Amino acid sequence: MKHKIRLGVNVDHVATLRQVRGGTTAYPNLLDMVKKSVKGGAEQITIHLREDRRHIQLEDLKVLSKHCSVPLNLEMAATSQMVTYAKKYRPDWVCFVPEKRAELTTEGGLDVKKGFKKMFPMVEKLQRIGIEISMFIEPSLEQVEASYEIGADAVEFHTGKWVMLKGARKAAEWKRLCDAAEWAHYLGLNVHAGHGLDYEHSKLINKLPHLQEVNIGHSLVCYALEHGMEESVRKMRKILK
């Protein structure tokens, strides 16, 4: 019998609405939206503390580390400053992601192989204090293997490219995802997925081999503008079986 896929709700774009006026408004209240997400069925909350602070702020990490009732997953760049924050606020998970200041959103996966020497001690330091580590990567066998060698607990596959493609190219990208998931599972890594997922693509991602977790944000926040955060998350929770 297939296990239920864990739903992580990314609330970055709740913070985007708050910050759009330069952070001068206290609404929408991030913790309130987190509580509504949990009530709707979120089993994890994900935030990306970017170096440019375009949405999530350090204060948000501080508040959620104290008051989030489900596991907290912190997405962050591999920098010494971010490692310091992670050590201080102790999220349940840290997901290492790439960052470019000019990008509108994360554009692709992390090159773990290229950054291995820099990230290895970071992974070690965080795991030593009980934080689990995932690597946000493209569905590449090489990147899966590098993630295994660096000691990660999980890989999160970047699904954005697959979401955007059509026809034969979409089918080819799906095969890449499936092959990478099989290899990750064989190596003992947990299999996660995220980026660009909406209700329709979440019906399909259910079929990814060995999938244990998805992290979804933008589409849920958009749907919530009409139907509320709790209902938005509840609808997604029903899809992920």
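Glycine too: its Cβ is placed from the backbone N, Cα and C atoms.
Taken from Swiss-Prot, the feature 3-amino-2-oxopropyl phosphate binding site applies to N10, R21, G196, G217, H218, supported by sequence analysis. DSSP assigns R21 (3-amino-2-oxopropyl phosphate binding site) to coil, not to a helix or a strand.
Residues or ranges marked as 1-deoxy-D-xylulose 5-phosphate binding site by Swiss-Prot on the basis of sequence analysis: D12, H13, R50, H55, T105. Non-local neighbourhood of D12 (1-deoxy-D-xylulose 5-phosphate binding site): T46, I47, H48, H55, I56, G217, each in the same chain, at least six residues away, with C-beta under 8 Å from its C-beta. Under DSSP, D12 (1-deoxy-D-xylulose 5-phosphate binding site) is assigned to a helix (H, G or I) in the three-state scheme.
Neighbours of H48 (active site, proton acceptor), defined as other CB atoms within 10 A of its CB across all chains, total 24. In this structure, H48 (active site, proton acceptor) is part of a beta strand by DSSP. The annotation active site, proton acceptor is assigned in Swiss-Prot to H48 (among others) on the grounds of sequence analysis.
Residues or ranges marked as active site, proton acceptor in Swiss-Prot (evidence: sequence analysis): E75 (among others). Under DSSP, E75 (active site, proton acceptor) is assigned to a strand (E or B) in the three-state scheme. Same-chain residues at least 6 positions away in sequence with a Cβ under 8 Å from that of E75 (active site, proton acceptor) are, in sequence order, T46, I47, H48, L49, V94, C95, F96, V97, F136.
Under the heading site 'Transition state stabilizer', Swiss-Prot lists E156. Contacts of E156 (site 'Transition state stabilizer') defined by a Cβ separation under 8 A and a same-chain sequence distance of 6+ are given as C95, S134, M135, F136, I137, H192, A193, G194, E213, N215, in order along the sequence.
If you look up Swiss-Prot, you'll see H195 marked as active site, proton donor, on the strength of sequence analysis. In three-state terms derived from DSSP, H195 (active site, proton donor) belongs to neither a helical nor a strand segment and is classed as coil.
In this structure, the binding-site residues under consideration are G196, G217, and the one with the smallest number of other Cβ atoms within 10 Å of its Cβ is G196. Every protein chain shown contributes to the tally, and the Cβ of R50 (1-deoxy-D-xylulose 5-phosphate binding site) ends up with 20 other Cβ atoms within 10 Å. Here the recorded positions are H13, R21, H55, H195, H218, and the one ringed by the most other CB atoms within 10 angstroms is H195.
The secondary structure of H55 (1-deoxy-D-xylulose 5-phosphate binding site), as reduced to three states from DSSP, is coil rather than helix or strand. Residues listed for 3-amino-2-oxopropyl phosphate, N10, R21, G196, G217, H218, cover a largest CA to CA span of 25 Å. Residue pair H13 (1-deoxy-D-xylulose 5-phosphate binding site) / H218 (3-amino-2-oxopropyl phosphate binding site) shows a Cα separation of 6 Å.
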